[in-house]
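Working notes for the structure below.
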Amino acid sequence: MEKMEAAEKATCRSVDNFNPLITTIFQVSCILVISHMFHILLKPLGQPGPFAQLLAGVVVGPTLLSRIRRVEDFFIQASSAEYYMFFSFLCRMLFMFSIGLETDIPYLKRNIRVVSIVAGGGIILSSICAAPLLWLLIKVFTVTKSRFPFYLLIFTVLANSASPVVIRMIAESKFDNADLGRLAIYSSLISEMSCVAFVATLTACSSTIRLVGAIIATLVTVLLIFLNNYLPFVFNKRNRHNRFLTNSELFLIIFILLAISLLVESAGYTAITCCFLAGLMFPREGKTCRTLLHKLTYAVNTFVLPVYFGYTGFQFNISKIFNKLTLILTVLIILLSAGTKIVATLAACYYLKIPRNESLILSFLLNMKGNYDLIIINSPPVPKMLWENDIHDLFLSVVVLKTLILAPVVAIWLNRGEFCAHYPTTLEILNPESELRMMACAYIPRHVSGYLSLISALSGCPNATLNPYVAHLVELRKKKKSKLMYHQLEDGDQYSDEEEYGGNDVVQITNALDSFISETKIPVHEAKIVSSFLTINQDVCNGAVDLRVSIIFLPFHKHQRVDGKMENSMEGIRTINQKVIRHAPCSVGIFLDRGQTGFQQPHGSLSVQNIATFFFGGPDDREALACSKRILMHSQVSLTVFRFIQANSSIQNSWISDASHKDEEVVMAISSIGTENEMDNVFVDSFYNRYVAQGKASLIEKYVSDGAETLVALREILDNMYSLVIVGKGGRENSSLTIGMSDWEECPELGLVGDLLASSEMNFSGSLLVIQQHRHSEEDEAFITP
């Protein structure tokens with residue numbers, strides 16, 4: 001009787017009662033609505049989007065709602081699976097291309113050894129553990145044919161790490177800029193791409209037809225990469241006066257991507273590697289990449305991934321594991337898969353000397369499933385082959401249940417914040433050859449030119465990496481209502497309302513960044529903060545925390561006129577600067593750019609830029625000197641350090657300035673005794689031994705008694721042609737070196753010396769950088785919103 005009922009059901013479903021396209025669209029809509037509802041409910045509990053989306057698919061699928069007969073007849077039809085699979089293919093291609101576009105190539109190059117060891121450990125151990133599991137499952141399911149593809153299936157389920165799940169979980173935890181977060185992201189990517197390459201290679205070697213298919217897939221992938229390197233050049237040239245490409249140009253790129261992906265799939269191989277490589281090799285400069293990131297990032301995170309994860313949960317049917325044998329096998333495979341990854345990752349991290357708590361969270365993150373393993377489960381690596389229902393349901397249950405179990409645990413762990421709370425918030429403690437993350441804030445295009453010169457100088461060290469962000473701060477004004485309907489807008493105007501803010505300044509800033517990136521090959525990330533000037537300082541501080549920057553650069557509220565006098569640009573800037581300085585989560589630098597007479601971009605310049613750093617002692621001056629260390633490594637920069645010392649001070653140094661070192665000079669100043677004085681001496685001695693003694697910089701001492709002598713010494717120094725002066729904001733408190741200098745103080749946010757150098761009375765035509773070192777306080781933590 002049961003067989004007759006099953007046969008009747010199969011006969012009924014051989015004919016579609018509803019249009020499959022309609023059911024697919026309705027299913028996608030249900031998944032989106034329910035996943036967003038779950039996300040709203042679970043987000044306060046710290047649960048990530050992939051968990052809510054996977055859970056939504058389980059609710060819509062045969063586990064819950066589709067158990068109702070009418071819902072089942074509507075969603076699950078004879079040809080609906082083909083529509084679902086094609087829609088899943090479209091989603092997969094888009095997000096893999098987006099992942100390739102967002103890949104941090106410099107980080108991957110620097111850490112390829114570490115990432116490969118972490119990913120490779122799990123792959124090697126999984127390939128070993130797959131053998132006994134293969135023997136067991138062959139006995140259980142009496143597999144007599146296609147044992148080699150069966151081994152590839154087991155290996156993939158054990159070894160693969162779903163990079164989209166890992167990336168979204170880390171991004172939603174605001175963990176993606178932490179070292180451990182980036183290590184997890186790229187370890188999962190390497191793991192997944194290695195599994196694809198391993199399976200594809202073994203499959204290609206199994207027969208001549210498969211080898212021909214592999215060659216075709218490789219050739220069309222190379223063709224796609226070539227087209228993606230040629231089209232951006234053409235589109236950037238056509239849209240030189242626009243910020244984004246037109247919709248038709250964007251559609252052409254996506255159409256080529258999907259067309260070639262279909263060719264790869266028709267050759268018998270998955271196209272996720274093809275799309276990922278296309279995004280990875282896509283030119284990062286210009287408007288084409290910016291448009292793709294702008295369009296794809298929102299669409300992928302809001303629609304594509306929720307539907308893809310939701311469809312994964314939709315396929316799961318909990319009633320399939322109620323069988324005692326299936327339940328035991330499911331638990332066994334989940335435990336074996338998790339144990340293999342955890343042991344291998346912990347061993348690799350022990351070898352790499354990664355802390356134990358970080359190793360543990362990394363091993364759990366790499367246990368996420370739900371991408372390439374699903375492809376192998378639904379589409380075996382052999383043409384015209386399907387897994388037995390029992391095998392398909394078993395491994396699908398393993399993938400879905402493992403992610404549903406581990407994702408909440410990992411999310412709670414990440415939200416504790418102990419793995420990403422600590423990062424260098426000052427330059428003094430940062431190794432000069434390590435990565436420097438900085439954020440430069442600009443209101444108008446004039447601010448950007450000076451920042452680009454600063455970025456160019458800071459990127460001079462060949463062994464260090466600079467990760468700069470230029471944030472365009474735009475005042476949020478009252479929204480203007482448009483009477484035009486959507487179809488009446490010109491092509492390219494159908495962007496979000498936020499794009500209207502900033503006016504023509506946005507295009508000018510974008511063009512300046514594009515030209516700089518094209519000329520220097522230094523990647524600069526562009527961001528825009530739209531907010532009221534009353535609260536924009538809080539958005540800047542929150543952005544600095546999210547980006548994990550070590551220093552924020554702010555523009556001075558005055559600019560130099562043609563006659564050399566200083567004039568207010570925007571008075572609101574000064575108030576914002578004062579608020580940011582007071583509450584910043586890292587060090588802050590106020591940059592006064594004097595245009596043509598100030599600091600110029602060192603890259604491509606034939607002349608050497610002379611820079612001076614004034615050191616009066618204290619944490620701010622040490623921070624200024626730490627910044628100077630980064631700049632002096634540029635071949636077109638000459639640094640001089642002037643150290644101001646009390647004339648009757650007992651400080652004696654075994655070193656003196658070497659007049660023969662004319663390449664670089666630094667100006668430094670130091671004052672009183674005590675703990676701060678000892679820290680200053682240690683820092684200066686280290687600087688001297690590492691840079692001055694090796695001829696990379698010069699150090700000059702200036703002995704002064706009071707503020708008047710300091711002022712005279714400053715005038716003498718500034719008679720030389722220095723294009724940039726770097727000084728700490730605070731100097732030493734209650735120092736006799738600056739007595740009387742506060743009488744004419746106008747801008748206290750610059751400090752005594754900085755305010756003096758910014759005034760027109762000093763007749764100084766160079767640029768000025770005033771730096772304040774970050775001081776940790778509970779008030780700052782309360783000010784910054786989580």
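Any Cβ shown, glycine's included, is placed from N, Cα and C.
Some features that TrEMBL has for this protein:
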| type | residues | note |
| --- | --- | --- |
| TRANSMEM | 21-39 | transmembrane segment |
| DOMAIN | 34-410 | domain 'Cation/H+ exchanger transmembrane' |
| TRANSMEM | 81-100 | transmembrane segment |
| TRANSMEM | 112-138 | transmembrane segment |
| TRANSMEM | 150-171 | transmembrane segment |
| TRANSMEM | 183-204 | transmembrane segment |
| TRANSMEM | 211-231 | transmembrane segment |
| TRANSMEM | 251-280 | transmembrane segment |
| TRANSMEM | 292-314 | transmembrane segment |
| TRANSMEM | 326-352 | transmembrane segment |
| DOMAIN | 468-601 | domain 'Cation/H(+) antiporter central' |
| DOMAIN | 611-774 | domain 'Cation/H(+) antiporter C-terminal' |
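Within the same chain, residues 89-90, 92-94, 96-103, 105, 189, 192-193, 196-197, 200, 203, 210, 213-214, 216-217, 220-221, 223-225, 227-228, 231, 288, 292, 371-372, 375, 379, 381, 383 sit at least 6 positions outside the transmembrane segment (251-280) and bring their C-beta atoms closer than 8 Å to a C-beta of that stretch.
Within the chain, the transmembrane segment (112-138) has long-range Cβ neighbours (under 8 A, six or more residues past its boundaries) at 147, 150-151, 154-155, 158-159, 161, 183, 186-188, 190-191, 194-195, 198, 329, 333, 336-337, 340-341, 343-345, 347-349, 351-352, 362, 366, 391.
Per-residue confidence over the domain 'Cation/H(+) antiporter central' (468-601) averages 80 (mean pLDDT, predicted model).
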